[in-house]
């Protein structure tokens, strides 16, 4: 997209924003009017929409003029009632600051015209100015009736726009309202215009004028300014109502504060539009307006002035101007373009806060203004238009690095940046005066101005309020205001759709910019580029703001490189130096674009991050680790800069330090534009280039060996192309200054050919010559033009320290620096001041620079420097601080001078020092500069030092068709040409001669500029009084026969009837031969008739309803055709399609049945065939099935799963099957399964030494102790322990007996001791000798049959009786175990005379044989080892181990193990049982479900979903009720009655959340038919603890109220009225009706009112074990115990004893 000139401007038509004396704030509406557009022929600007930055600058200033001082003492003027007068009228409540305007020579007939050429605006200014004078006179006349007016105000209107109790002039009340809110415009607004405020019409696009009476066709647009006329300039509009009288200057009243708002709209160029657009700046009014604010402070409003520059081309540049061209060679003609952006509205509210102190008491008070609106009109605008005290500038420059667009084409840069766009960093350079102009304009006399930024979307709405879909625009609103003031931005919206003009005579990427600034010697044309990257908004990926990741500085393809050390946030990385970011994997940082949605907010610029919706904060890049390697990082606004170490230099962007580059080779070679995937170089250029020029431009490879060029963005690319793509740096530019070291100093030596110059007395040209941003390096420029001027940083009289020797000779005329200061000469216009740390060195003054012939030597001194510049950075004010060995000095900015007394930079008052400055105007001194305020009709000179008259007559559009006479500050039109006359607006307008009927009585009159022409009328018209009237031919007879006639303008047309067509001239109708058309009378004959045709159809066809076709007759509509088939219609006939089993007859008109049994002998083989209508049936015998309806085949029953079971094999036979069972199984009675043979039915199978245990398909013999089963498993045989256990009797003789063995001693006087395993002498009981030491303590072992028996230690340090008389199986130390004697043997009786569980004690209630015994507390003695995973309870004698539900106690391993419930077939009937720890799960196969017992899988029936007969209304049941009585957790899967819900499941019922009674209340017992039981005892390990104080008695119930026991007599089942008559219980009558009293083992189901079985194994087994050493199995109404393996039932109920113990007891009983 080619660049373009853009002319844009807004006129701010505004009153004054002021605070009244009573503290109220008036509402003021500002309308931004457009200026003229471009002439016809200019094309609209294409491309994406532009973004505007809107800046509101509010400034409060104090008056310092003599006139304001005299105004304080003057008498108060009368209050004016006219608030609608722009430019001069004061607000209600404010005194008029303007004196009346004296009469001008020439009388009132003289017309004043604006500078911009907008005729309507000039008249309005003049009229308003006169109204102000008349208003003042009226006020003086009404002052006598002030008292009478005050009485009327009490009874009349109040509020806004009320003057003296009535609506102010220009305001009225809407119907039905008592507020003055309706403005009036006289004359009324035309062409759809809107009366915005009194006498101000807002016109629609295409119209303008005071009353919008001028349309676009009547408006004469001025030609575009540009390079065609160097002497022309775009002047501003003239201020209306010049008040130049000095008669009342001494009587001006006291003034109030005024807010000066400066609105700046800044369109940003888009990426696709390479252009530089420059607005123009026009002067403001020259008058000062003073308004009262309270009674203490006074402010003076000073309108700003900005020079209106000329626009010239490069060829037409003269002295005093120069041009800057982008991408275009010198000599190319400029191009022109205009812009149409539509109307823009800005809504804001100003406010000001102050502190009022009275007698030491201070209070804060804030006054807030009404909502203020600024609107642009008509969509066309000049660059800068002004109104009283307001200025609107449209700025198109994208100022970077914190710069602000001040006016026209100037960026106000911060001190450390310069250049056209503030894109060039600079260290220590003085700021040019014109760059400081905008900043210093914001500083009033002694006032302090602060900035605030608001970012808002630029919304777009049509006039009907419907949103227009355009890409989003974001507006940055910069508000410049004093600290006590603030501005709140509400809305920035575009009212109309944007438009523009296309670019002409330009190439893509080219644009030309011309400037006019201070005088320079010649025109300089340079090439410059700037990056748009900082202007594109960024939309970051959605990520957590606190998430950290790695930051990558290079991204090539999908590879990320140059990762910074440490972690950082995504917004800090992508907003500054990073190109990718991530932790585990990297992702590219998205580009800053925001055109995805209309209302989407744009992100902050590069280098900033968003704090909130309206504020962007600078990112401190120096906090990121790894930034500026080989250097020190210095943070700047929106960026950062690297100060490099010795041996390194900054890259072109000053963002990194690179090693000193080598000298670039000047060797030339071929440059290739393409490299194929196979590394073949293609498309060489016709000339040989250096590698730098090739790779930095269009080349992809270079040299005879096809060396690939480095990729852009890599370090290798930056080394060879430091200026970036498209830029090369010559070898002389790559050389760095010479480094010389003096101690810790690093001083840069100036080259020899650099010529020193004195300090320039005039400011440098603006803008300065710019180099590309990428090409800025620390280098020196050498060339045939000589060295560039050097900017010195200190006065010439200072001394320079030595660079290469101990003494330095000062040459006359050389620039000199202060001691301790040196200069890094990066560029002639960008010096950098660095501080030195070494002490001063001796300096020798040359003879030429000294009056004495002797050299003066300054001895070195050792001092401690205090760097005042670091301690107080603002010590110099408007200047740069330079630290010296003694104190400091200041290098002041232009417009300032150094004050030795104040030690700072003070402003130079140019107005006082320069005489005759600002002639024809008024000079106003500003901070660092001055301002010429020119009156209306004058403009600033090119130098900005004088006011010169604007010759409006030089404009070709002024006084067109007449004579223009220029006057001082104005112009007038006289002597109109022939055919023209003077209009009321003062212009010559054409006379329309055609308005007279007699001008052309028989011809058409055509008006021309200045004349007219009579033209004869064409055919079909006749002339009459200058107009051509149509002739109605339809009135003539015989016109349009066979049709109707329609008269047209100048002709007629025939509309023909059906069957006729018009002739080519549409003046006649002719017959149509329809038969020539091929689509008529198909299947028939066509005959044409007059205006129609006729069809004759053949057999089988009939005429259609439209009579134009022969249609087929559908015979199939008759239902009797084709029975047993389908009738298919054909052309002229039909056919029958018969069903399967039928066939068509010979004639084809019906279907006949096919006898398959006779015609097909292959059907029903092995069976009987029976013919049916349309088919046949086959009947097969048993054991056979039909195969594809062709024959009978055998059924393979063995294919059915589960047939013959898992212990049989199915054998298929013809028509049947047979089961062959395995050994140990026999076929069942139905012959379908194999059943197990119970061999244990024969009692003799295992003889008398064991018992039989049947197994699947076999059996086994479980032998008693001392017996074992043989290899064949038949019976039990004795075990010979003497052979099996070698040495079991030691020295004694082992004798085997049946089931056991005996140890016999050889000496008859000895007996075998099983405790010691030796034979000992027989002793009597009264011998007094202890059989064994009783007090010896060792370890007690259990389960000696375990392989790891050494680890089975019950307890250490116990006696043998404590071990063997309780639960121990062995006793000893270090796994040397002595087995405990078996219970029931003589050894056991000898050791434990009182049996198991009793051990000897000192004192005991058991006293037998003189020894005391006590109960052994096994739980205390052995701890957790005796009852693992369970609860141990000591008993007398013995102990009990209580296991958790679902587990059982193993007395051998002394541990609670999980019970496998799945071994019980009743645990999960017809389902799959899965055992779990302490329980089990029963899974059913779909669609089967668990029944209520959760032990059986059943088929779901509809009865489960139906409401049973005994149920009442069902609803939701809520399982939980919160403390706030909120129902939650509804019961899923079923609805319940109120009783069922409250008694079984939940806490509330129904959609109304009806609460259930408390479970311990009487209502709950009554509802659920249960007695009150109190608190239940807990289950588990604490079940046997005494809780008598906390709980009721064990037996339930413990209390029943009498009202629940009225009558519990038993009734018969038929009398009960309950379903099933209370089975398993008895029916009793209660007060509420009937209920069931269930038998033991059953409980009442309240839902079904039936007695259901109590599962004691699950409900009671958790309190204590119901079955000891057995498994609990629930039965109907009770339960049973099934002994575990190794246990047999005992005589105790629900108790199983070990098998060994039972056998021993049986032997003892047999012996007895």
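Backbone N, Cα and C define each Cβ position, glycine as well.
Bear in mind that the values here come from a model prediction, so they are computed numbers and not experimental data.
Noted in Swiss-Prot for the protein shown:
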{"type": "DOMAIN", "residues": "391-423", "note": "domain 'EGF-like 2'"}
{"type": "DOMAIN", "residues": "990-1029", "note": "domain 'EGF-like 7'"}
{"type": "DOMAIN", "residues": "1153-1193", "note": "domain 'EGF-like 11'"}
{"type": "DOMAIN", "residues": "1278-1320", "note": "domain 'EGF-like 14'"}
{"type": "DOMAIN", "residues": "1515-1568", "note": "domain 'TB 4'"}
{"type": "CARBOHYD", "residues": "339", "note": "N-linked glycosylation site"}
{"type": "CARBOHYD", "residues": "370", "note": "N-linked glycosylation site"}
{"type": "CARBOHYD", "residues": "416", "note": "N-linked glycosylation site"}
{"type": "CARBOHYD", "residues": "612", "note": "N-linked glycosylation site"}
{"type": "CARBOHYD", "residues": "1042", "note": "N-linked glycosylation site"}
{"type": "CARBOHYD", "residues": "1242", "note": "N-linked glycosylation site"}
{"type": "CARBOHYD", "residues": "1357", "note": "N-linked glycosylation site"}
{"type": "REGION", "residues": "65-118", "note": "region 'Disordered'"}
{"type": "REGION", "residues": "753-799", "note": "region 'Disordered'"}
{"type": "REGION", "residues": "1335-1402", "note": "region '8-Cys3 region'"}
{"type": "REGION", "residues": "1498-1712", "note": "region 'C-terminal domain'"}
Near residue 1357 (N-linked glycosylation site), which residues of its chain come within a Cβ-Cβ distance under 8 Å, counting only those 6 or more away in sequence?
1337, 1338, 1339
Using DSSP, what is the helix/strand/coil residue split across the domain 'EGF-like 7' (990-1029)?
3 helix, 18 strand, 19 coil
Other C-beta atoms that fall within 10 angstroms of the C-beta of residue 1242 (N-linked glycosylation site)
10
With DSSP helix as H/G/I and strand as E/B, how many residues of the region '8-Cys3 region' (1335-1402) fall in helix, strand and coil?
14 helix, 24 strand, 30 coil
Using C-alpha atoms only, work out the spacing between residue 1042 (N-linked glycosylation site) and residue 612 (N-linked glycosylation site) and round it to an integer in Å.
80
Check the region '8-Cys3 region' (1335-1402) for me and report the mean pLDDT.
86
Go through the chain and flag residues at least 6 beyond the ends of the domain 'EGF-like 7' (990-1029) whose CB is under 8 A from any CB in it; none is fine as an answer.
961, 977-981, 1049-1051
Per DSSP, what is the residue tally for the domain 'EGF-like 11' (1153-1193) in helix, strand and coil?
4 helix, 19 strand, 18 coil
Calculate the distance in Å between the alpha carbons (Cα) of residue 1242 (N-linked glycosylation site) and residue 612 (N-linked glycosylation site), and round it to a whole number.
96
Residue counts in helix (H, G, I), strand (E, B) and coil for the domain 'TB 4' (1515-1568), per DSSP?
15 helix, 15 strand, 24 coil
Whole-number answer please: how many Å between the C-alpha atoms of residue 416 (N-linked glycosylation site) and residue 612 (N-linked glycosylation site)?
27
Using DSSP, what's the helix, strand and coil tally for the domain 'EGF-like 14' (1278-1320)?
4 helix, 18 strand, 21 coil
Within 10 Å of each Cβ, count the other Cβ atoms, then let me know which of the glycosylation sites 416, 612, 1042 comes out lowest.
612
